[in-house]
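Q: What TrEMBL lists as transmembrane segment is 16-37, 43-62, 82-103. The annotation domain 'Histidine kinase/HSP90-like ATPase' is assigned in TrEMBL to 341-423.
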Amino acid sequence: MVTFIELTDIQRGTILTLWFLNICIMMYYISFVIIQLNNIKKIIFPTVVTCASIIIIINMLYIRNERNLSPTYIKLSKLPSIIYIIVALLFIIYSFFKLYYIFRYKKSSINISSIKESVDVFPKGLLFADKNGILLLVNTCMYELSLDILDCMPQDLHSFWKSLKSGDLKEGVKRVVFRDNLLIRTNDQKTWTFVKNQIDTDMGEITQISATDTSESAELYDKIKKENIELVEVNKRFKSYAKNINNLVAQEERLNTKIRIHDELGQVLLRTKYYITKDIDYNRIKELFEIWKNSVDILRHEVEIEKKSPLTYLMETARDVGVNITVSGDAFQDESVEEMITLLSSEILTNAVKHSKAQNMYIDVKYKMNKYTVIFTNDGIQPTYPITERGGLSNMRKKIERIGGTIKVESIPIFKITIKIPTDNI
């Protein structure tokens, strides 16, 4: 069997390389355990293996270079070379087991590297800095955003946030105004929302800046904003119609009165002229007197003139904006109640067009025991959240409750508003 000293230089160099590889792996494992785990017990045996490997390498080098060997080294040199190879392979196998342990530990434990790898795959930008503004962690998304928005990498927290707030941005990048939020629209038309938060940790206060892609929300906001501008104009028209219903009715009454007076007086004048040109007797004088008496009654508004109700005007207005109002049940006996319901109907109509995209609105009126019960429904999209009263609806509730009435707003199973108004206090 070939002894170690009988090996060629290349063969002995190969064996030395195996032992040296084992030492490198063991040194890496020992340093990892000390730094990451701080566990001395786990490095006792690897340290023994490393020291033994170093001693064996030194002996092999000594046997290779020294000509006058001591009896001990002569015995070592005459050992079969296979022993050195087998022991080296066993130590290397043990070393690779330790490498596998390190690999498993990194995959299953949380450390700086794993945190960095995790935040880098986030679809949102993240930046962390200490109380002095020194950056602690910036993920890949935030780095790329900084290049797209500011054309530079983030250097520190304060300058980065100041540039975003001041609008000192890359050409083509715009800041979008939306309440108190910080929105940035990049050149690729994506909208990012930046939020700054303070986090208390064991290391002290840390500042976090996050950037979230809110492009879809921004597009929806722009669409809603445009629709709201249109609806505000429609709402103004409704309110204007509601406030001026009495004036409109009075104007139509006056116009109808003028037309009727014109027609009546024209006929009276013609008949008077006819009688004057003829022989006048008592019967004709009496008949002419009755004609003029009727004309005077018209001038005194003693003749009833047909007119439209306020609710009818609202229905005509609703048709102009594509909504059909259907009124069923009892007719209103009190004009003040009808005016109040008409004003409230205009608010409900505005909300139905704005929020539920309704095309039909239904008003059911019941009058019983000096109390009106009016129920509003529509065929629009049903709300998925509780209704919040504000504006005209809230003001109308106060007015109705002031006279002893009630308003009940329901959203489940269908959207319905029920109003009860007693006529005793009106």
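Numbering starts at 1 and runs along the chain as it is shown here.
Cβ from N, Cα, C; glycine included.
How about a rundown of where these features are and what they're close to?
A: For the transmembrane segment (43-62), the list of distant contacts is 4, 12, 15-16, 19-20, 22-23, 26-27, 29-30, 33-34, 73, 76, 84, 87, 91, 94-95, 98: same-chain residues at least six beyond its ends, Cβ to Cβ under 8 Å.
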Q: So what's near the transmembrane segment (82-103) in sequence-distant terms, Cβ-Cβ under 8 Å and 6+ beyond its ends?
A: 1, 4, 15, 18-19, 21-22, 25-26, 28-29, 32, 46, 49, 52-53, 56, 60
Q: Below 8 angstroms Cβ to Cβ, which residues of this chain, lying six or more residues outside the transmembrane segment (16-37), approach it?
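A: For the transmembrane segment (16-37), the sequence-distant neighbours (Cβ-Cβ under 8 Å, at least 6 residues beyond its ends) are 43, 46-47, 49-50, 53-54, 56-57, 60-61, 85, 88-89, 91-92, 95-96, 98-99, 101-102, 105, 111.
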Q: Tally of helix, strand and coil residues over the domain 'Histidine kinase/HSP90-like ATPase' (341-423) according to DSSP?
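A: Once the DSSP states are binned, the domain 'Histidine kinase/HSP90-like ATPase' (341-423) shows 26 helix, 28 strand, 29 coil.
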